[in-house]
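All remarks here apply to the structure that follows.
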Amino acid sequence: MANQQEDEAFNKPAQEEGTLGAHTTGNGDFPITTLCTVCGRPARYMCSLCGAQAQVYYCDPSCQTFDWNSGHKAVCAGMHNNGAAAVRETTLPNTSPAVSSAVSLANASSMASLDNTGRGRVRQRRRRVRGRGNVAQVINAETHFIDRIKGFFSRGSSQHQSTHSIQSIPPTIPTPTTLRTPDSHIVVPPRTSSSVENQEHPIMEPLTEEEKLEDLKFYMEQVYLIIKPVLCCIALSILWVKLTTESSPNFSTGIGETAAPPSTVGSTFGSDDKGNTSAFINALIILGQIVGATIVVVVLFYFNCMKILFGFFILVVTALLGTFGWTLGSELLISHNLALDQVTFWFFIWNMTAVGVLMIFYKGPLFLQQVYLVLMSSMMAYTLTKLPALTAWILLALLAVWDLIAVLCPFGPLRILVETSQNEEREIPALLYTVMVWMMATPGEPPSSTRDQSRVSDPAIIAPAPAYTPNARWSRGVESAVSSWTPLSEYGDERHLTDSSGQDVELDVRNSTGTEMIGVNNEVARGHQGNTPMPPTIPAALPSQGCRVTDGESRAPNDSEEEEEEAARGGLKLGLGDFVFYSVLVARAALFDWITTVTCTVAVLTGLNMTIFLLALYQKALPALPISIAFGILFYFVSSVTLTPFTNELVRRQDKIFIEGADTWLWVGKNGGGGMIYV
Amino acid sequence: MTLISFFGNALTAYGPALAVFLLYVARNAQLVILLMTSAFFWLLSILFSSVFWYLIKPLQNVPVGTIFVAVTLQELFRFLFFKLMSKAEKGLNIIAKTPNSPLNRPANAFVTGLGFGIMSGLTLYLSQLAESAGPAILACNSCPGMDVFFVGALTTCLFIFLHSVWNMVAFDGWYRGQWLPFGFVMISHYAASYGTLLTPSSIEYGCAIALLIDFVILIVCTTLAVRPILVS
């Protein structure tokens with residue numbers, strides 16, 4: 001039943017497709033003896049645009065990619081026939097029919113949805129060309145930010161129409177994501193020639209609208225997942241600040257301390273006593289330390305001194321947990337006037353530190369690791385609020401600038417680190433992520449087909465995504481193919497997909513160095529592509545259980561939860577540095593009053609949202625601090641200068657006078673009442 | 001007593017909204033992001049009004065003027081936010097769990113309204129709430145038997161949901177190209193806000209009247225907001 005429907009859905013668009021392009025080849029019976037035009041090995045693919053006429057064959061996608069870049073682009077028949085260039089490869093029919101049919105099925109149905117709108121088709125072709133190139137091409141192709149945003153929406157809208165229209169045709173198969181009935185595709189017989197044309201090699205698979213959508217959804221989930229730990233960290237920092245500054249006398253003169261001294265611009269800046277220059281110099285010194293630590297880490301990574309690096313990190317984490325734990329603990333005890341003997345206190349600190357180090361560096365449940373990382377960031381943030389106010393604000397501003405430089409400049413250390421790991425196909429070890437100061441995020445994309453509708457409804461699924469590059473695109477295609485014929489339960493474990501607890505966002509703490517970025521961190525990107533794109537070949541990679549093509553290493557699908565955790569680590573990653581400095585900003589605001597606390601929290605979170613949105617658009621490493629810090633600082637000063645007195649004014653109180661000598665307010669008047677005006 | 005009054009006030013003010021958030025909004029990433037965006041918009045509006053208030057000295061001691069500026073700016077930002085939403089709506093619909101559901105619009109409007117409300121509740125009431133943890137209470141001027149903080153908590157609770165239904169009514173009107181519902185929202189917002197002027201006044205039972213006004217407006221607006229959904 002399901003098979004039939006899917007077959008129909010498959011054949012119909014396939015035929016339409018066949019009549020559309022210039023690639024009606026009818027190459028149903030190529031001998032496998034055809035040789036690759038690049039390397040001379042037996043060829044399995046051909047340029048689908050040229051079709052059989054051009055006699056260009058390739059053994060695998062990397063050869064075609066090479067040939068395309070080295071000149072085939074200019075002579076490709078398809079380029080001349082179609083105004084909009086589309087580049088495809090066609091798998092020859094005698095290569096693993098089940099696989100190719102599955103692939104094509106996925107493609108076909110996405111075509112089906114697009115065939116209904118002429119616009120969609122044109123756009124799809126355009127995108128296909130992009131899919132051909134490398135990341136840079138993708139980025140260059142859409143330089144203007146505004147254009148990209150508009151594109152985002154307009155793509156969405158056209159997809160909207162097609163979603164509607166497709167639903168009237170085969171109601172059960174609106175998108176490729178629903179094509180997951182386990183066995184149906186295995187039994188699909190080899191395609192006839194018309195459908196063979198459809199079997200593009202997935203590397204050529206365009207960013208279809210569907211995938212765009214999947215990406216959007218994916219990022220949305222990611223934003224949510226990343227917000228939770230950030231919010232936890234911020235809340236903890238606020239809690240520490242509020243708990244330790246409980247020093248206000250219990251019997252003050254009445255309502256709110258905040259109402260008392262009219263806040264001035266100067267007081268909110270904290271420029272009470274010390275000169276600005278010394279604050280600036282202090283901030284510079286701290287920034288210098290952060291920069292130095294970052295550079296050391298990057299140099300160590302560059303020269304592959306992993307052991308030194310790990311030793312360094314272990315040392316740093318131990319020191320941080322110990323000292324910050326001690327600072328915070330003693331502050332809490334002092335401010336609440338509690339007595340605790342030294343031995344117990346040290347015992348507690350020692351335990352906390354030791355368990356934390358073991359957890360982070362050796363083994364532990366992901367959840368507990370994240371708890372520790374959040375705890376550590378919040379304690380670090382709390383300690384940093386001990387800086388004089390002006391120094392802290394200057395430091396935050398400088399950090400935002402440094403973050404921009406480090407991530408975006410050609411010689412920025414973090415950028416070098418990302419590039420090194422990509423060029424040398426050397427994975428930045430998870431441990432390094434865990435302990436480094438900046439973070440990388442996978443602007444990964446949702447393997448579009450790994451989730452079916454029912455899964456999408458699960459709020460917090462993350463799929464560790466392959467990077468947003470043509471090759472990853474390719475591997476994603478494979479995944480979609482795979483997922484369409486692998487039982488959900490089997491592959492679900494691996495790339496997956498944690499439950500809705502939301503704990504699975506990896507906090508990548510790179511420790512104390514303090515810079516942050518969101519980067520493209522992707523096993524797939526690193527493993528298979530780097531600068532020279534070489535996706536694995538489909539046939540090799542698709543044994544029935546080897547769904548894990550993307551990793552280049554085959555994993556047993558039914559592995560333990562470790563797999564799951566590992567997969568969870570593949571998601572969007574925010575570095576410890578970001579956690580810390582977001583929290584520093586909010587904790588600093590919390591020292592002022594509750595209103596600035598709330599506004600700064602919202603500002604920082606909105607900045608984070610925007611950053612992730614940009615990440616989704618640009619698909620490359622981005623600094624995570626600047627937008628949030630800029631918003632945070634702006635909102636802090638505006639709200640502390642104007643909003644706090646404004647809201648205080650809304651609470652009517654008795655008339656009061658300020659007594660100079662006593663430094664206090666006195667309530668005057670007969671009736672002792674007030675009231676709140678709510679705007 | 002202080003902790004009791006603190007938690008009592010906190011749960012009175014934010015409890016219902018928190019329940020809605022946890023049971024409905026927090027389960028859906030899209031709604032959470034919408035809520036945060038709208039909260040940001042409300043924050044912008046209140047920041048602008050506070051800047052106006054700060055710069056225009058004569059305004060500072062005239063609550064009537066303050067309310068006028070703040071309410072007008074909030075409604076302006078409601079409109080701006082609607083503009084943003086209608087631009088993003090198609091995208092939002094497709095990535096929604098149920099892309100074609102007719103309930104998407106009202107649901108989004110409700111959640112973004114809740115974002116407005118929660119943000120306004122936090123901004124306007126949170127510092128009083130912190131004060132309510134202190135050892136003293138401040139009697140309400142119009143109802144000496146009541147505590148300013150508790151009356152504030154009730155008002156906050158009502159306003160959070162008022163914002164939600166105002167958003168639903170206004171958005172529904174705009175989607176149909178009508179400005180009348182928005183006009184009603186604007187007027188009822190003025191009414192509710194000016195109504196709270198009774199709380200610190202010396203009118204007897206002023207706070208009860210103010211709360212009653214808010215409550216009646218809430219009921220009327222809820223009816224208006226829900227009716228189009230039931231009808232369609």
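Every residue gets a Cβ built from N, Cα and C, even glycine.
Nonlocal intrachain contacts for the transmembrane segment (B:6-25), taken as residues 6+ away from its ends with a CB within less than 8 angstroms of a stretch CB, comprise 31-32, 35, 111, 114, 117-118, 121-122, 125, 129, 132-133, 149-150, 152-154, 156-157, 160-161. The transmembrane segment feature in TrEMBL is assigned to B:6-25 (among others).
The transmembrane segment annotation in TrEMBL covers B:32-56 (among others).
Here TrEMBL flags B:62-81 (among others) as transmembrane segment.
Same-chain neighbours of the transmembrane segment (B:107-128): 13-14, 17, 20-21, 24-25, 31, 34-43, 46, 74, 78, 81, 85, 89, 92, 148-149, 152-153, 156-157, 159-168, 170-172, 225, counting only residues six or more beyond its ends whose CB sits under 8 Å from a CB of the stretch. The annotation transmembrane segment is assigned in TrEMBL to B:107-128 (among others).
TrEMBL lists B:148-167 (among others) with the feature transmembrane segment. Residues 5, 8-10, 12-17, 38, 42, 78, 109-110, 112-114, 116-118, 120-121, 124-125, 128-129, 131-132, 137-140, 185, 188-189, 192, 196, 199, 207, 210-211, 214-215, 217-218, 221-222, 224-225 of the same chain, all 6+ positions outside the transmembrane segment (B:148-167), place their C-beta atoms under 8 angstroms from a C-beta of that stretch.
Sequence annotations record features per position, and here TrEMBL assigns transmembrane segment to B:179-197 (among others).
If you look up TrEMBL, you'll see B:203-226 (among others) marked as transmembrane segment. Within the same chain, residues 106, 110, 140-143, 146, 151, 154-155, 158-159, 161-162, 165-166, 168-169, 172, 181, 184-185, 188, 191-192, 195-197 sit at least 6 positions outside the transmembrane segment (B:203-226) and bring their C-beta atoms closer than 8 Å to a C-beta of that stretch.
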